[in-house]
Amino acid sequence: MSTAMNFGSKSFQPRPPDKGSFPLDHFGECKSFKEKFMKCLRDNNFENALCRNESKEYLECRMERQLMAQEPLEKLGFGDLIDGKSDKN
């Protein structure tokens, strides 16, 4: 007796992400920014709100090197940091 089940001819069709791909940084072009961001997270008990500047710099690096799609910083939630303003005092 066969134990294989056939649920019809429908198969899973993968769908690309809405924002496009997020390629790996194989050449370490943004490694220093990533490490600075991760250090900030560790130093601040993983409270990401305290590391927004580091996060912004990391994403800017990725966009400049075509490692992610170009997006306005306002759309990524960094509108208040564009003019050098920061919640960190």
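Cβ atoms are placed via backbone N, Cα and C, with glycine included.
The disulfide bond recorded by Swiss-Prot for CYS40 joins it to CYS51 [selected from CYS30, CYS51]. Annotated range for motif 'Cx9C motif 1' in Swiss-Prot, selecting from 30-40, 63-73: 30-40. Counted with DSSP, the domain 'CHCH' (27-69) comes out as 30 helix, 0 strand, 13 coil.
In the predicted model, the motif 'Cx9C motif 2' (51-61) shows an average pLDDT of 96.
Taking CA atoms as the reference points, CYS40 (disulfide bond) and CYS61 (disulfide bond) are 17 Å apart.
Non-local neighbourhood of CYS61 (disulfide bond): GLU29, CYS30, PHE33, LEU67, each in the same chain, at least six residues away, with C-beta under 8 Å from its C-beta.
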